[in-house]
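As written in TrEMBL, here are the features:
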type	residues	note
TRANSMEM	12-40	transmembrane segment
DOMAIN	90-212	domain 'Phospholipid/glycerol acyltransferase'
TRANSMEM	126-144	transmembrane segment
TRANSMEM	311-330	transmembrane segment
TRANSMEM	336-356	transmembrane segment
Amino acid sequence: MGVLQLLKSQFVCHLVICYVFLFSGLVINLLQLCTLPLWLVDKQLARRINVRLGYCISSQMVAALEWWSGTECTLYTDPKSFPLYGNENAIVVLNHSFEIDFLCGWTFCERFGVLGSSKVLAKKELSYVPVIGWMWYFLEIVFCKRKWEEDRRTVAQSLQNLHDYPENFWFLLYCEGTRLTPKKHQVSMQVAESKGLPKLKYHLLPRTKGFWVTVQNLRGTAAAVYDSTLNFRNNETPTLLDILNGKKYHADLYVRRIPLESIPEDEAECAAWLHKLYQEKDSFQEHYTQTGRYPGPTVSPPRRPWSLINWLFWACLLLYPLGLLVAQLISSGSILTILASVALCSAASLGVRWMIGQTEIGRGSSYGDKEVPLNNN
């Protein structure tokens, strides 16, 4: 282990990174709150401002992946489609197999300049979480309760609100609904057998209703679906803690651009289309497992410096007052004050570990563990 790698693995470095992220996030949330009156005067300007404020938060996590851990990404795609990425609205369909697949999705957005305006379909509970959840609220992220009768109307309305969005956006969608685990895969394949659908080896059955509603309400707004399949070389399964420790990985992402008008409008036909898509995604993963690569030509979009510049800006802004505070604590010589500071740091470390733990597969949602919910889709 080199000196730099040893430094990256130290807890004090993790604490600094998380301190900058949390406190800058709260400052940005406050700035976003200040844009509320502007929505009444100039909605489009308020949206543009929030895109840039949101970028200041999400790009810090991308910077951790790209610059801190040095993780590389190779893109497999049609050269004819490549110039369109970032220059049109799109629905990005991602596989949900890794603890950091959401972070790789954000990195994909960052490489093509749409990270700040990217959208996701997220659980309603996340809208109440400081920093990320509050940021998403102001970015008009689509929230759902995972209760179809309630979600059908609210999700459709949220998607229709994006028709006049002033900047290009990508809507990131995990059609499997939950992260892949052996238990969920077993239950999902039981449902596939009961429905007479081909079994999948590397994916869960896609949840077709949410996809159909998304496509129907973004017709005329989004130009295409980007079918995206992610894997990591050498069968590695990275975690957020690994990234925080500075461990480097190499991600391979296979992207196909599918014009939205080629997707059936009828709900049943759209569902059949999506099931066929996931059978194809499964074959791509099988090809990758056997050969170590996806089919087609490759390109490596360069890292953009803005995520690193953004983190350095916030680090300089927030670490200076922190340094002054630490110096005052040491010079005070008060045992009680120092103990209180140590307790605060310990609480912060536990909080950081809890947040990281929420991304772990073993701590993921139980959604999809039971057969009944799967049959409802």
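Each residue, glycine too, has its Cβ placed from N, Cα and C.
Whatever TrEMBL says is automated annotation, not expert-curated.
Beyond the transmembrane segment (126-144), the same-chain residues lying 6 or more positions past its ends with a Cβ under 8 Å from any Cβ of the stretch are 21-22, 25-26, 28-29, 32, 35, 47, 50-51, 53-54, 57-58, 117, 119-120, 151, 154-155, 158-159, 161-162, 165, 171, 210. Using DSSP to sort the residues of the domain 'Phospholipid/glycerol acyltransferase' (90-212) gives these counts of helix, strand and coil: 59 helix, 17 strand, 47 coil. Mean pLDDT across the domain 'Phospholipid/glycerol acyltransferase' (90-212) comes to 92 in this model.
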